[in-house]
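Chemist: Pasting in a structure now, in structure tokens, and then I'll have a few things to ask.
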Amino acid sequence: MAAAAAFFCALLFISVQHGVLGGYTRNDFPADFVFGAATSAYQYEGAAAEDGRGASIWDTFTHAGKMKDKSTGDVASDGYHKYKGDVKLMTETGLEAYRFSISWSRLIPSGRGAVNQQGLKYYNNIIDELTKRGIQVHVMLYHLDLPQALEDEYAGWLSPRIVEDFTAYADVCFREFGDRVSHWTILAEPNVAALGGYDTGEFAPGRCSDPFGVTKCTVGNSSVEPYVAAHNMILTHAAVVRLYREKYQTLQKGIVGINVLSLWSYPLTDSTADLQAAQRYKDFTYGWILHPLVFGDYPQVMKKAIGSRLPSFSKVQTELVKGTLDFIGVNHYFSLYVSDLPLAKGVRDFIADRSVSCRGLLQGVRFIAQTMQAPTRSMGDPHGLQLMLQHLKESYGDLPIYVQENGKYRKASSNDSLDDTDRVDYIKGYIEGVLNATRNGVNARGYFAWFFVDMFELLSGYQTRYGLYRVDFDDAALPRRAKRSARWYRDFLKSKRQPLQIAQQ
């Protein structure tokens with residue numbers, strides 16, 4: 001969910017000069033490293049009202065006209081009907097792995113109770129098709145698309161009741177698909193879901209309170225709800241991991257982890273205050289989620305700044321959540337510079353609690369720190385990804401790490417070009433960043449391009465394109481055509497030598 005990254009700060013994109021030295025091939029990566037691409041259910045599947053699928057909070061959000069282009073994911077890329085052709089394209093591209101998410105409301109329309117047999121058949125068909133073609137299956141149980149029935153019943157992630165219902169849903173997935181799926185990500189970007197859905201109001205379910213919401217929300221509390229939602233997501237993750245480890249892992253031999261948006265933050269200056277601000281940004285962004293799952297509690301800097309608004313873990317909960325990661329999944333798109341801000345007095349939200357200011361280097365490009373607005377330009381910083389991966393190792397130990405989303409978008413236009421050389425350069429540079437991290441001892445296990453095909457974007461609808469394959473959304477047949485980036489990825493995966501990009505500050 002690349003556009004979502006923008007909300008975490010004024011979205012700085014680092015401009016990096018590159019020189020060429022040597023080269024790399026697919027074979028320069030460890031033998032157990034996989035290259036793939038990814039999609040998510042609401043953004044890809046479409047078929048919103050077909051075969052018994054229940055509504056999700058994103059259906060409600062988009063149908064209320066909340067998207068800037070007034071679009072919905074009702075059709076999206078029509079992956080529900082076109083998955084076989086897309087898997088064929090994956091094979092032709094040489095993908096070694098594919099990461100997709102399951103729509104909870106397609107599998108269990110009301111969020112609990114009876115399984116929708118048509119939904120079960122659909123996901124079995126996808127998994128079988130991938131397995132038949134030798135593509136490793138990576139499944140994400142939740143990509144921000146909560147069943148609307150549970151939102152209506154008890155406000156979804158704001159209630160501890162979500163833990164039981166989600167765990168029951170996960171049990172169905174492990175039971176039905178676990179014989180062919182060995183890589184499970186429980187939640188996608190809980191840091192994004194909590195902030196965008198419950199502070200700024202720019203993501204479903206669109207809750208916020210004045211003066212913090214970017215749009216006018218009718219319900220919400222931006223000072224409290226982001227922390228409550230994230231807390232329940234952490235407890236849910238832990239409960240699902242315990243279920244998997246106790247009931248399935250010995251037999252299925254799979255691994256379970258979580259996914260977080262993980263941008264790199266540089267201090268704007270070398271002052272002590274800015275150095276602390278850069279670390280505070282990391283603690284508030286991904287330490288918010290990872291620190292409890294590794295150590296059993298929130299970062300101390302968050303506890304101090306937020307106080308009683310931050311939920312606490314009981315002793316039993318601490319033992320439940322601690323050590324519940326077999327791997328870390330990260331979504332990374334760019335880096336940013338941050339500087340210190342004094343902690344504001346009075347009512348604060350997450351952004352004010354974090355107390356940092358973000359700066360960009362590109363003149364004439366405005367970003368607003370309080371929003372998640374999609375950036376208009378993206379200049380990559382592969383070295384930032386390398387530093388972020390190394391920081392995760394230093395902070396959380398030698399856990400395997402998968403880069404589960406990385407990509408660059410272009411604005412949609414009537415004459416979308418297939419010649420996306422800028423995306424090729426971007427991906428090439430970021431793969432180099434991962435390679436350098438592995439050479440420095442990081443236990444990186446995979447890289448997934450985001451998206452495989454153009455899809456509905458959660459912030460910008462159909463106004464931006466991330467895919468390796470172009471989807472013509474003006475054609476009812478939604479034909480796919482390979483972009484230059486798809487051809488480059490195919491050649492790379494066939495081990496053709498690629499120029500190595502060396503960052504020069």
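These residue numbers are counts, starting from 1, taken along the chain as shown.
Every residue gets a Cβ built from N, Cα and C, even glycine.
From Swiss-Prot, here are the annotated features:
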type     : residues                                      : note
ACT_SITE : GLU189                                        : active site, proton donor
ACT_SITE : GLU405                                        : active site, nucleophile
BINDING  : GLN43, HIS143, TYR333, GLU405, TRP450, TYR466 : beta-D-glucoside binding site
DISULFID : CYS208-CYS217                                 : disulfide bond
CARBOHYD : ASN221                                        : N-linked glycosylation site
CARBOHYD : ASN415                                        : N-linked glycosylation site
CARBOHYD : ASN436                                        : N-linked glycosylation site
SIGNAL   : 1-22                                          : signal peptide
Chemist: If we check Cα distances from the residue listed as 'active site, proton donor', which of the recorded positions CYS217, TYR333, GLU405, ASN436 wins as closest?
Modeler: GLU405
Chemist: Given CYS217 (disulfide bond) and TYR466 (beta-D-glucoside binding site), what distance in Å do their CA atoms have, once rounded to a whole number?
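Modeler: Just about 29 Å between their Cα atoms.
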Chemist: Let me know the DSSP-derived helix, strand or coil state of TYR466 (beta-D-glucoside binding site), please.
Modeler: coil
Chemist: Any idea which of the disulfide-bonded residues CYS208, CYS217 has the thinnest Cβ neighbourhood at 10 Å?
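Modeler: Taking CYS208, CYS217 as the disulfide-bonded residues, the minimal 10 Å Cβ count falls on CYS217.
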Chemist: Report, in whole Å, the straight Cα-to-Cα distance of TRP450 (beta-D-glucoside binding site) from GLU405 (active site, nucleophile).
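Modeler: TRP450 (beta-D-glucoside binding site) has its Cα 5 Å from the Cα of GLU405 (active site, nucleophile).
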Chemist: Taking the residues GLN43, HIS143, TYR333, GLU405, TRP450, TYR466, which the record names as binding beta-D-glucoside, find the longest CA to CA distance and state it in Å to the nearest whole number.
Modeler: 18
Chemist: What three-state class does DSSP give ASN436 (N-linked glycosylation site)?
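Modeler: ASN436 (N-linked glycosylation site) sits in a helix per DSSP.
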Chemist: Counting across all protein chains present, how many other Cβ atoms fall within 10 Å of the Cβ of TYR333 (beta-D-glucoside binding site)?
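Modeler: Result for TYR333 (beta-D-glucoside binding site): 30 neighbouring Cβ atoms inside 10 Å.
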Chemist: Is it possible to get the count of other C-beta atoms within 10 angstroms of the C-beta of the residue listed as 'active site, nucleophile'?
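Modeler: Result for the residue listed as 'active site, nucleophile': 29 neighbouring Cβ atoms inside 10 Å.
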Chemist: Just give me the nearest neighbour of CYS208 (disulfide bond) among the binding-site residues GLN43, HIS143, TYR333, TRP450, TYR466, Cα to Cα.
Modeler: HIS143
Chemist: Work out the three-state DSSP category of CYS217 (disulfide bond).
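Modeler: Going by the DSSP assignment, CYS217 (disulfide bond) belongs to neither helix nor strand, so it counts as coil.
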Chemist: Can you tell me how far the Cα of ASN221 (N-linked glycosylation site) sits from the Cα of ASN436 (N-linked glycosylation site), in Å?
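Modeler: The separation of the Cα atoms works out to 43 Å.
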Chemist: Quick one: give me the count of other CB atoms within 10 A of the CB of GLN43 (beta-D-glucoside binding site).
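Modeler: By my count, 24.
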Chemist: Does DSSP give GLU405 (active site, nucleophile) helix, strand or coil?
Modeler: strand
